[in-house]
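What TrEMBL lists as domain 'Major facilitator superfamily (MFS) profile' is 34-456. Per TrEMBL, transmembrane segment is recorded for 31-52, 72-91, 98-117, 129-146, 158-176, 182-203, 266-285, 305-325, 332-354, 366-390, 402-422, 434-452.
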Amino acid sequence: MAEEGLLLVSPSRASSSSLLSEISKASTKPFVLAFIVGSCGAFAFGCIIGYSAPTQSGIMQDLNLSIADYSLFGSILTVGLILGALICGKLTDLVGRVYTIWITNILFVIGWFAIAFAKDVWLLDLGRLLQGISIGISAYLGPVYITEIAPRNLRGAASSLAQLSAGVGISVFYALGTVVAWRNLAILGSIPSLMVMPLLFFIPESPRWLAKVGRETEVKAVLLSLRGATSDVSDEAAEILDYTEHVRQQQDIDGSGFFKLFQRKYAFSLTIGVVLIALPQLGGLNGYSFYTGSIFISTGVSSHFGFISTSVVQMFGGILGTVLVDVSGRRTLLLVSQAGMFLGCLATAISFFLKENHCWETGTPILSLISVMVYFGSYGSGMGTIPWIIASEIYPVDVKGAAGTMCNLVSSISSLLVAYSFSFLLQWSSTGTFLIFATVIGLGFVFIATLVPETKGKSLEEIQSLFTDPPPDDSTIF
């Protein structure tokens with residue numbers, strides 16, 4: 001997770017309003033409230049990511065912190081992410097989606113207040129750790145909950161728009177951090193979660209989770225509240241219940257537990273989910289995000305102009321991806337996104353090569369700026385949101401918790417590896433660093449083109465059957 005660098009900008013107000021209007025027309029008040037809750041969770045996440053950069057000098061001065069102290073404050077968020085990833089699957093399966101949303105928002109609030117009232121570094125770090133745990137849980141929980149309650153024709157757009165709310169939070173806190181003191185900014189950070197909590201009394205539990213835990217009689221009632229009292233939900237309810245019963249029978253045969261995820265019949269879906277989640281990180285996302293300013297300065301670009309330009313481009317990339325995800329499909333957008341990120345990464349490598357060899361010195365800054373704009377614009381259009389959407393679609397309810405834990409762990413660890421190693425790689429070779437990232441992205445394009453099927457327009461049960469129909473030998477991978 002990047003805490004500095006490029007602002008992840010949200011869709012424009014007009015585009016967001018259009019999608020919200022479509023969601024409102026196609027769904028009922030409980031679904032719209034649930035969508036708002038999911039979006040506010042992503043917004044709260046963005047606020048946390050955007051908090052540390054503009055508040056660094058104020059926190060260090062007021063609490064007399066060293067660089068090492070503040071570095072721990074920033075990095076302990078990643079520790080919390082890993083801890084949250086370890087428990088997210090079991091927690092959401094055990095207590096349900098809505099109660100887990102309660103837990104994450106309580107942790108958000110406690111974390112913000114611990115930071116706001118910190119007199120010593122230990123309370124500051126504790127607050128940040130609690131926030132990391134909450135993010136680690138909600139990063140998978142949010143997409144899962146929205147995909148499990150959304151109509152199939154709006155599932156991709158609703159999930160994308162909710163995920164893009166994180167960009168709003170980052171942008172808002174970067175802006176507020178320049179004029180609001182760090183303690184007051186932490187108080188403001190708690191407001192989204194405090195506003196969400198009353199709404200949690202009015203949003204429904206996931207019908208898929210209800211079916212999983214044996215509360216079949218509630219499934220149709222929840223679907224009617226989500227789709228409208230006059231809607232015919234018989235087929236949808238029957239499909240959910242029939243598939244859940246099929247999964248339950250398989251569970252009686254295969255057993256349960258975390259390691260069930262590693263059975264051969266889940267190998268395909270596990271590979272798809274893990275690789276898609278890891279690709280943006282291993283393709284240099286954190287390197288770009290942490291060191292965007294350094295890239296611009298090293299190649300002679302004004303960092304202020306660079307940030308504004310790339311933010312605008314990413315905004316339009318995010319808008320385009322959100323609008324098209326249920327039109328062109330997930331797979332097409334992933335391919336376009338990967339191709340754009342590859343070209344951006346390759347152009348960045350070329351700009352560093354030209355700079356180091358003193359070639360085309362007048363054009364190098366322009367090439368560098370364009371390369372970063374292409375990279376982030378392409379990332380925003382597909383790879384920023386779709387991997388999590390697909391990961392929330394492809395796993396059956398019996399392994400969804402374990403899969404969520406695995407995907408979150410892969411995301412956190414790959415993010416940490418790239419963030420830690422990036423500066424060392426740059427010292428070795430700036431050009432070589434971005435060629436490595438371009439190679440990873442190119443391999444990711446081949447992976448998506450050859451192995452990732454389209455999930456647009458299918459029910460969750462159809463998707464999960466597509467991915468997990470067992471082969472003749474249903475032994476474990478290991």
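Note that Cβ sites are derived from N, Cα and C of the backbone, with glycine treated the same way.
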Given the cut-off of 8 Å on Cβ pairs that are 6 or more apart in sequence, determine whether the transmembrane segment (182-203) and the transmembrane segment (31-52) share at least 3 such pairs. yes
Given a Cβ distance threshold of under 8 angstroms, which distant residues of the chain, six or more beyond its ends, lie next to the transmembrane segment (332-354)? 276, 279, 283-284, 295, 298-299, 321, 324-325, 360-361, 363-364, 367-368, 370-379, 381-384, 386-387, 430-435, 437-438, 441-442, 444-445, 448-449, 452, 454
Give me the stretch from 98-117, 129-146, 266-285 with the greatest number of Cβ pairs under 8 Å to the transmembrane segment (72-91). 129-146
For the domain 'Major facilitator superfamily (MFS) profile' (34-456), what's the mean pLDDT in this predicted model? 84
Using a Cβ-Cβ cut-off of under 8 Å, list the residues of the same chain that are 6+ residues beyond the ends of the transmembrane segment (266-285) and lie near it. 2, 260, 334, 338, 341, 345, 375, 379, 383-384, 386-388, 390-391, 394-395, 399, 403, 406-407, 410-411, 414-415, 417-418, 422, 433-434, 437, 440-441, 444, 447-448, 451-452, 464, 467-468, 477
